[in-house]
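Data first, discussion second: the structure below is written as structure tokens.
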Amino acid sequence: MALEIPKIEAILRGIAILLLVSTACLVGLDSQTKFVIVYEKEVTYKDLHALVVLVYVDAVAAAYNLLQLCRCSVSALSKGNFKGSYRYLSWACFVLDQLAAYTTFAAHSAALQHSVLGITGAKVFQWMKWCNRFTRFCFQIGGALTCGYIASVLMVMISFISAFNLFRLYSPKHFLRLKGT
């Protein structure tokens, strides 16, 4: 079981990287041009500020998971005893995994909320509905958000694994005392 956990973590990180990169690419490269009344209107991800934030957050989260995947590979190849520094590394990985999972989920939720305004519009603010005119743009953003939420769920699972890796170092009988001491 202990040998399978790093493999599962590496697989989850690899899939999360692919989903985060595909989300960033789908959102970042999405644009559509249509004639609206008498002028040509192009809609891109830059028109919705939450989508701009989403592209940056997904790119940073994918880079972080790539660095963690490299760390998993290096620690699997080296069979040294890193007990003293491993505790601090486990704490850092745990906190950063939690931060990455919560940040990506928050960015995807903000982008979803902003996208719902694009679907429904807001008469109070005189915002028009976009998705009845720019259907391909909306479908592509919807697919990207689906990929992003799946990546967020995978990152939550990764943070469960990093929590397990951290708290298995501590004694179950003594509060915050390492097992070896």
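Every residue, even glycine, has its Cβ placed from backbone N, Cα and C.
Given the structure is predicted, the values throughout are model-derived calculations rather than measurements.
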In Swiss-Prot, Glu4 and Asn132 sharing a membrane side: no
Outside the transmembrane segment (50-70), six or more residues from its ends: residues with CB under 8 Å to it: 10, 13-14, 16-17, 20-21, 23-24, 27-28, 93, 96-97, 100, 103-104, 107-108, 110-111, 113-115, 141, 148, 151, 155, 158
Same-chain residue ranges lying at least 6 outside the topological domain 'Extracellular' (29-49) that approach it to Cβ under 8 Å: 55, 111, 114-115, 118, 130, 133-134, 136-137, 140-141, 144
